Each structure stands twice: as C-alpha cells, then as structure tokens.
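**Student:** Feature list, courtesy of TrEMBL:
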| type | residues | note |
| --- | --- | --- |
| TRANSMEM | B:6-27 | transmembrane segment |
| TRANSMEM | B:34-57 | transmembrane segment |
| TRANSMEM | B:86-108 | transmembrane segment |
| TRANSMEM | B:120-139 | transmembrane segment |
| DOMAIN | B:141-424 | domain 'NADH:quinone oxidoreductase/Mrp antiporter transmembrane' |
| TRANSMEM | B:145-163 | transmembrane segment |
| TRANSMEM | B:175-198 | transmembrane segment |
| TRANSMEM | B:218-242 | transmembrane segment |
| TRANSMEM | B:254-275 | transmembrane segment |
| TRANSMEM | B:287-309 | transmembrane segment |
| TRANSMEM | B:355-373 | transmembrane segment |
| TRANSMEM | B:385-407 | transmembrane segment |
| TRANSMEM | B:427-448 | transmembrane segment |
C-alpha cells in the first residue's frame with residue numbers, strides 16, 4: 001500500500017481545494033465563467049480522484065451510494081420546483097420575477113438563477129457520481145491479470 | 001382558454017410528469033411506482049384533453065416560458081415558447097391517452113420481466129420518456145425539440161435494454177438504437193445550426209418568417225439534415241434498421257408504449273418542420289415530398305414483405321410499424337390538406353392498433369413466456385380474450401371496415417385521388433390495396449395459428465392474462481371500433497389540424 | 001467574390017466538417033463498441049465547434065459584461081443613459097431611447113427603438129453588430145447626451161468599445177455537451193452489459209452471434225455485409 | 001451585405017495550429033486500435049477543443065468542455081474500457097467502404113452549405129444580429145448579471161436547461177437500470193433458462 005503514498009498524499013492535499021473551487025464556480029457563475037454544470041462536474045471529479053487513490057470502497061464510506069439518488073432527485077426538484085413555485089405564485093413557468101416582485105432591481109431573477117444553478121449543481125454532481133460508482137463498482141468480466 | 005383561471009394549462013402536460021418522474025425513483029419497489037406513474041399519466045391525460053378543447057374552441061395557444069415572450073418590435077420571443085395548435089394538441093392527447101392505458105397495463109408484465117428491485121428506476125425512466133415525448137410535441141422552439149428528443153431517447157435506450165432478462169439481443173438492439181439515434185439527433189442539431197446561421201432565430205414560427213423566400217444553400221442543407229436526422233429517429237425506410245430489434249426485444253409494455261407513441265411524435269416533428277418552418281415555395285420541399293412518395297411506398301412494401309416471413313410475432317409487428325410509417329409519409333407527400341389530414345388520422349389510428357396488438361402479445365409473453373408463432377398455436381382456446389383482441393386489432397391493421405384501419409386507408413385513398421404527384425393516383429390506390437393485402441397475409445398467418453392450429457400436446461395449461469391487462473388491452477381494442485363510428489372526432493380534428501398546419505405554413509396565419 | 005476572401009472566411013468551417021466526418025467514419029465503420037462511442041463523441045464535439053464558430057464576431061470578447069459592473073441604482077440608471085446615447089449613434093436619431101429605457105424593467109421593457117432597428121443596422125457595419133457598452137462610470141454617462149455622443153464617437157474611433165460575441169450558441173452548446181456526456185454514459189453501460197452477455201464488443205462478432213440465434217445458420221463474415229445489406233439478406237433468408 | 005471579410009490577422013496562425021492539432025488527434029483516433037490510447041486521445045481532443053473555444057470567445061463552453069469532455073467523459077470511458085476490452089480488432093473492409101461513402105456524402109452536403117455561409121466572424125451575419133444580439137443588449141436591464149451566458153442559460157432559455165438536467169438525470173437512471181442493483185450480468189441467451197427467476201422477490205404470487 002506504500003506504493004501509492006505520494007498519490008494519496010497529493011489527493012488528500014488537493015481534495016479540499018477542489019471542493020472549494022467547485023463551490024466558487026457554483027456561486028460565481030453570475031459573474032464569471034462557470035455555473036452549476038461545471039461546479040457539479042468538478043465536485044464529482046474530487047470524489048473520482050479520491051476513489052482512484054483510495055479505492056472505491058473508501059469513497060463509498062465518505063459519500064454512501066444510498067444518498068446519491070436522493071441528491072439527484074433533490075437537484076432536479078430544486079430546478080423544477082422553482083418553476084412550480086413561480087406557477088403557484090401566478091406567473092409563467094420559470095418566470096423568476098415573481099419571486100421578489102417589488103424589487104426594482106431584479107432580485108427575483110437573481111434568486112431564481114441562484115436556485116436553479118444550485119439545483120443543476122446538485123443534480124449533476126450526484127448523477128455523475130452515481131454513474132461513476134456504478135461503473136467502478138462493477139466486477140470486471142476478465143480480471144486485470146488475465147489480459 | 002377553455003376554463004378561466006387556467007392560464008398555466010399549456011405547461012402542465014410537461015411539468016406534471018417532469019416533477020413526478022424524479023419522485024418515482026425514491027419509492028419502494030413494487031406497486032407504489034406503478035400506481036404513481038399511472039396516476040400521473042391520467043392527470044396528464046386530463047390536462048391534454050383540456051388543452052385540446054381549448055385549442056379547438058379558441059385557436060392556437062402560445063405560452064412563453066419564464067415570461068420571455070416576444071418584446072415589442074421583435075418577431076421572435078426571447079426565450080422558449082410553447083406553441084400549441086390542433087396538430088400538436090392532437091398528438092399530445094394521443095401520447096397521454098396511450099400512456100394512460102399502457103401504464104396501468106404494465107404492472108404484471110413489468111413484474112414478470114423486470115427485476116423487482118428495479119421497478120422504481122424503471123417507472124422513473126418510463127415517466128421521463130413520457131415527459132420527453134410530450135415536451136417534443138408541445139414546444140415551439142427548434143432547439144428545445146432536440147433537448148426533449150434526447151430526454152425521451154436516452155430513457156428509451158435504457159428501457160429497451162431491460163428486455164435483456166428475456167433475451168440478450170435487447171442489449172445489441174438498444175446499442176444500435178443508441179448509435180443511430182445519436183447520429184440522427186446530431187444531424188438534427190447540425191440542421192438547426194444551419195438554419196440558425198441563416199436566420200438568427202430558433203423559434204419555429206419566427207424561423208418560418210425569416211426563411212420565407214430565402215433559398216440559399218445553407219437553408220437547403222439545413223432542411224436535408226433535419227429531415228434525415230428525424231428520418232433516422234422515425235425509422236424511415238432506408239434508415240429503419242434499429243427499429244425491428246428494438247421493438248422486438250424490449251419489455252412488452254415498452255414495445256406497446258413506444259410503438260404507439262415514439263414514431264408518431266417523430267412524424268409530427270416532420271410535419272411541423274415541413275409545413276410550419278419550411279411551408280413556403282421552397283424548391284427542396286417538392287424534392288422531399290417526391291422522395292417521401294418513393295420512400296413511403298418502398299417502406300409499405302419492403303417492410304410488409306419482410307413481416308410476412310418473421311417467426312417472432314413481436315418482430316413481425318415491428319416490421320409492420322415500419323410499413324405503417326410508409327403510409328404516413330405517403331399522406332404527407334401529397335402536400336395537401338387532405339393528405340396531411342389522412343396522415344394525422346393514420347398516426348392516431350395506428351397508435352390505437354399497435355398499442356392493442358403489442359399489448360396482446362405482451363399477455364402471451366406473460367403467460368407462455370415467448371412470442372414466436374409457436375406460442376400462438378391454438379391461442380383462441382387457451383386465452384380467448386387475448387386471441388380475439390389480437391384478431392380484431394389485426395383486422396384493424398389490415399383496414400377492414402368497422403375498424404379504424406379502414407378510415408385511415410379510405411382517407412388516404414381519397415386524398416390520393418385529389419392530388420397530382422409523380423405517381424398517378426390510381427396506381428397509388430392500387431399500391432395501398434396491395435400493401436394491405438400483404439398485411440392481410442401476415443395477420444392471417446397469426447389468426448390461422450390462433451384459431452385453427454391445435455394446442456401443442458405437451459403445452460401446460462395456461463390461465464388467461466390478468467384482468468388488469470385484459471381490460472386495458474380491450475379498451476384499446478374497443479377504441480379501434482369506437483373511432484370507426486366516431487369519425488367526426490378524429491377526422492374532424494385531424495382535418496382542421498392539417499388545415500392549421502398548412503395555413504401557418506403557407507404564411508397566412510402567423511402568430512406574431 | 002475574391003477567392004482568397006472566400007477561403008479565409010470559410011476554411012474554419014471546412015476543417016470542422018473534416019473533423020465531423022472523421023467522427024462519423026469511426027461510428028459507421030463499426031468496429032469496437034467503445035470506439036464507436038468515442039467516435040460519437042468526436043462527431044458531436046466537432047459539431048459543437050462548428051456551432052460556436054457561428055457566433056464568433058471578429059474583435060469580439062467573451063460575453064461577460066466588463067466595466068465596473070455593479071447591480072446598484074447608479075449603475076442601472078447610468079447604463080440606461082449610456083445605452084440610449086449609444087443607440088443615438090448607431091441608429092441616427094432615436095433619442096427617445098434613453099428616456100424609454102430609464103425606468104423600465106423586466107418584461108415591460110418597451111423596446112421600440114432598440115430592437116426594431118438593430119437588424120436593420122447593417123448600414124453602420126462596425127457598430128451595428130453588437131452592443132457597445134462603454135466602460136465609463138455612470139457619472140460620465142449621465143452628464144448629457146452630447147457628452148455621451150462625443151465619448152462614444154471618440155471611443156469608437158479608438159476602437160475602445162467592447163463588442164461581445166453572440167452568447168446564444170454558447171448556451172445551446174452547453175446544453176448539447178451535457179446531452180453528449182449523458183449519451184456516452186448510457187452507451188458505455190450498454191457496452192459493459194454486452195461484453196458480459198456476449199464476451200465480445202466487436203460489432204461483426206455480435207452481428208454473427210445474433211444472426212445465428214435468429215436463423216440458426218451462421219452469417220458468413222467474409223461477405224462483409226453492412227447494416228443495410230445484412231438486414232435484407234435476413235429478410236430473404238427467412 | 002457581403003462587405004464583411006474575415007481579416008487576415010496573425011491570430012489565424014494560432015487558430016490554424018490548434019485546428020491542425022485537432023485534425024491530427026482525430027486522425028490518430030481513427031487509426032489507433034489500443035483503446036486506452038484512443039480514450040486518451042479523445043481526452044486530448046476535448047482539451048484542444050476547449051482551447052479553441054477560448055479563441056472563439058466561448059469561455060463558458062471551454063470550461064465545460066474541459067470539465068465534462070476531457071474530465072468526466074474520459075473517466076467514464078476508461079472505466080468502461082476496463083470492463084470491456086483493451087484492443088479493437090481490425091474492421092471488416094466492407095464496412096469501411098460504406099462508411100466512407102456516407103461520410104463523403106454528408107461532408108459534401110455540409111461543404112455545399114458553407115458556400116453561402118456568412119464569412120467566419122462576420123458581425124452582421126444573421127445569427128449575430130437577431131436574438132443573440134438582443135440578449136447582449138437586454139441582459140443588463142432584464143437580469144442584471146454580468147455573465148450573459150449564465151443569464152441566457154438560467155433565465156431566458158431556462159427551460160432548455162431544465163431539460164438538460166433531466167437528460168443527466170435520465171442518464172443516471174439509465175445507468176442504474178443497466179448496471180445497478182438487480183441488473184443481470186449480461187443477458188439471457190435464447191436457450192438459457194430465464195436468469196434471476198429464482199433470486200427475485202416475486203413472493204410467489206400468481207397473477
């Protein structure tokens with residue numbers, strides 16, 4: 001297990017900055033390049049990196065696979081729910097203006113965009129991880145040694 | 001709007017299944033996801049009916065997503081708009097109606113063909129597919145069509161592959177479908193890109209306005225790519241190779257649902273692009289219409305001919321679907337209100353027949369375990385309800401009077417006589433008749449096996465299919481008869497829908 | 001039309017087409033399933049490059065508004081004025097624009113002078129294509145139409161105004177990229193299942209096995225049938 | 001209308017360099033049979049495409065392509081490859097000819113379209129003066145965020161983005177169905193017994 005020492009130390013060092021970068025990309029999407037998709041993918045990449053260094057089983061302890069379907073659903077419903085909320089408030093689907101109607105400066109639009117981007121981020125991160133878990137967790141038909 | 005206070009009605013047919021689909025994933029395996037999916041399909045069906053009524057009474061409805069409609073002085077809306085006229089209201093109602101019958105039907109079939117633990121994900125995928133089909137139909141934005149097309153396609157690939165529990169060929173079928181479908185979708189995107197480059201807009205009605213009178217090479221190539229792309233997804237004849245196996249090896253409920261809805265939605269997209277977007281004096285349109293005549297007739301004959309020799313009833317029906325797509329293309333190719341109306345009528349009627357037929361085969365697969373012809377020997381004695389349902393809907397497929405199939409073919413022949421195409425109308429009518437004869441042969445083969453062949457000696461006694469499956473199947477069978485007598489419903493709506501399609505297309509009734 | 005001009009304006013597109021066809025070739029020549037998926041990816045990515053190039057504007061910059069952008073009152077007002085002045089330059093006298101824009105927000109924005117004229121603005125070729133937003137502060141812009149006119153003209157002369165590249169293709173392609181990765185994931189999952197079921201992911205071997213399962217006679221691989229021919233022989237053989 | 005011409009600037013050299021690298025990578029992907037190399041080349045292709053997106057001013061797209069195309073896609077393809085095969089066998093010549101014909105026809109159709117296309121980078125191209133332009137002008141007033149792409153993505157065309165999230169979700173559900181709990185290893189051959197019947201929790205109920 002010492003063979004992967006440098007790799008593992010590097011991954012440990014990188015893990016937190018990657019997550020913080022993902023959060024930055026998530027919430028800075030209004031001002032610079034980036035947004036929910038990119039953030040979600042970067043977030044998933046952090047865990048993929050962890051799995052590569054420590055093995056998929058360790059990663060599954062950090063982020064149990066059972067949580068992921070919930071997060072996927074929450075992500076989609078965050079987005080769709082924002083739309084439904086605007087419907088219930090009496091405006092068209094995804095018309096964010098109604099979320100803060102008195103504001104002169106489109107606070108409604110800002111709230112709406114932040115909410116939906118958050119939904120995108122959660123959904124993409126958890127879905128990408130789900131897909132990765134399923135691939136990485138599948139027993140290969142032919143063991144590595146047999147190739 | 002039909003009912004005051006329902007200004008948001010146009011968005012509901014898509015939003016309801018869209019919100020419901022993710023929730024299904026979290027349910028316990030078994031009854032709950034199925035019941036939920038069924039409930040959702042019924043609620044959606046009601047909203048589409050209201051929408052159809054609203055459009056029938058008040059004319060086309062537009063709905064701007066996010067409130068981003070067309071600002072003053074602009075011909076195009078800023079965001080995505082829904083544009084609902086009779087044509088897509090009809091297809092929407094059809095898709096939701098089929099779903100509301102096939103989803104309840106699915107329960108026993110899915111329990112036997114899918115692993116119990118996978119039912120929540122299965123019904124989630126089914127609802128996502130349903131959402132995608134509705135989203136494609138209802139939207140008025142060309143790029144939005146692509147997004148929802150891919151929503152329905154991706155879930156379809158997974159659903160088709162679920163047939164691997166019965167036959168591993170479902171996997172290769174699904175993979176071929178994925179490759180061909182993705183190429184089709186990418187062609188479609190290229191086409192939209194070329195049109196966008198020529199016009200700067202993505203809204204269908206605005207595309208029409210901007211394109212009118214333009215006939216440069218970009219537009220021509222864009223048109224060709226869109227038609228080829230959708231042709232791939234539609235399984236138009238030289239591009240049909242993914243369809244037979246995909247429908248054959250998919251789980252029974254999925255075959256029934258897809259055969260009755262997916263290709264119908266693609267026919268609608270073709271209609272929408274040909275007549276709403278490109279509906280003006282456009283040289284390529286005539287080329288395409290002529291090509292459709294050839295491809296339509298080629299499909300009618302080639303696929304019917306192949307169907308006669310299939311040993312697997314599901315595969316036979318899948319080939320028959322390709323042949324029926326030929327009839328729809330033929331109707332479109334006339335380029336007249338009657339022709340398009342005939343095509344829409346056949347879209348509607350064929351959905352009813354194929355749903356009933358695939359549901360019947362699903363009952364047989366549930367009880368006997370496979371769908372080769374040998375499973376059908378003596379079926380009229382073993383499972384009389386299923387057998388007679390199959391026979392009646394088969395007669396409808398042939399086009400026998402007292403069934404909707406007759407209406408389809410009658411209208412198609414009527415339309416043929418009123419148009420001038422490269423093929424003389426009399427010949428077209430004869431060809432339709434000859435192709436129906438081929439249908440009579442393969443349906444006759446099925447009926448012969450069920451009625452006259454003896455029950456195999458070593459066959460274990462089987463029970464009739466569960467009540468739920470029988471009832472839902474017979475709803476479809478009876479619909480095949482009922483809509484023969486209620487022609488004013490289908491023919492009336494379809495004729496006005498065709499009128500609307502050609503009118504917006506030919507530049508009179510632009511919405512802006 | 002000058003042939004050099006013609007080529008310089010289009011060589012990009014031709015290269016994208018070449019890339020697309022390379023991807024499509026990998027897909028249709030159908031060897032290995034994983035490679036097919038890689039080919040699909042290549043095909044789609046090339047289409048994305050083509051799309052993005054549609055929205056490119058020479059001399060443009062990324063569509064992120066520069067300048068001291070703050071979402072506060074002074075900025076909002078300043079922007080309206082600034083734009084109004086700008087419209088005056090481009091459209092030769094829609095001076096009402098600044099008043100109209102001043103207090104409007106959201107959906108009610110009456111865009112009579114702005115949007116209607118933009119497509120027609122081809123006459124002022126350099127200025128019409130895009131928004132020229134001045135990186136000046138609000139105070140400068142608010143100082144009067146004449147001053148703004150002067151500064152806009154000045155800035156235009158120096159090439160200091162900001163042209164933004166068309167954002168719409170970017171948005172479409174962001175969507176399409178995600179659709180692409182979704183397709184890749186499902187396709188690979190299918191390939192994994194096929195490997196487990198058949199022991200191979202080579203298309204011709206799979207086809208041979210399926211053919212054998214269906215008809216009980218082996219498909220001769222040396223005939224090298226394509227998809228179209230393969231199916232027709234199936235029909236005839238039955 | 002046709003008075004715009006793409007300027008011959010030194011930047012073209014940079015573009016050409018990236019484009020020729022793209023072509024070279026794609027060509028290598030066609031030829032190479034070791035799947036590991038093909039997947040890596042696909043990652044390289046995505047990175048180069050991202051680089052080219054930057055030169056086309058599409059920073060958001062470049063970011064996404066680098067993260068999704070070069071990152072997650074490559075990881076997925078590697079894991080997929082590990083579960084399937086390491087090498088590709090030589091293709092059947094017949095397929096090659098068919099593929100070549102289809103590609104030539106498609107390519108010719110696209111080439112045909114380019115003849116009437118507006119020159120590359122034309123600010124007066126129809127694509128750049130209609131709706132796209134409108135977004136640039138309206139975002140500051142309508143939405144008030146600097147990143148126009150985010151504004152269009154999340155608000156003007158927010159419904160597309162919702163669809164896109166649903167596509168991702170559908171892919172997740174699809175992979176769950178194909179590889180998740182309860183999925184078979186492979187599938188059933190025609191003559192096999194039906195797999196999994198003994199292990200499922202059918203609770204022996206007769207319908």
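All positions are counted from 1 along the displayed chain.
Note: Cβ is positioned from N, Cα and C throughout, glycine not excepted.
Unlike curated entries, TrEMBL annotations are predicted automatically.
How buried are these features, and what lies next to them?
**Tutor:** Within the chain, the transmembrane segment (B:34-57) has long-range Cβ neighbours (under 8 A, six or more residues past its boundaries) at 1-3, 6, 9-10, 12-13, 16-17, 20, 23-24, 27, 84-86, 89-90, 92-93, 95-97, 99-100, 103-104, 106-107, 110, 119, 123, 126-127, 130, 134, 493, 496.
With a threshold of 8 Å between CB atoms, the same-chain residues lying at least 6 positions outside the transmembrane segment (B:145-163) that come near it are 113-114, 118, 122, 125-126, 128-136, 139, 170-171, 173-174, 177-178, 181-182, 185, 188-189, 192, 233, 246, 249-251, 254, 258, 262, 265, 269.
Proximity of distant same-chain residues to the transmembrane segment (B:175-198), defined by a Cβ-Cβ separation under 8 Å and at least 6 residues beyond the stretch ends, is recorded for 142-143, 145-146, 149-150, 153, 156-157, 160, 207, 210-211, 214, 216, 218-219, 221-233, 239, 241-243, 245-246, 277.
Residues 149, 153, 173, 176-177, 179-181, 183-195, 197-198, 211, 263, 266-267, 269-270, 273-274, 278, 282-285, 288, 295-296, 298-299, 302-303, 321-322, 325-326, 329 of the same chain lie 6+ residues outside the transmembrane segment (B:218-242) yet bring a C-beta within less than 8 angstroms of a C-beta in it.
Sequence-remote contacts of a segment are chain residues at least 6 beyond its ends whose Cβ falls under 8 Å from one of its Cβ atoms, and for the transmembrane segment (B:287-309) they are 223, 227, 236-238, 240, 274, 316-317, 319-323, 325-330, 332-335, 421-423, 428, 431-432, 434-435, 438-439, 441-442, 445.
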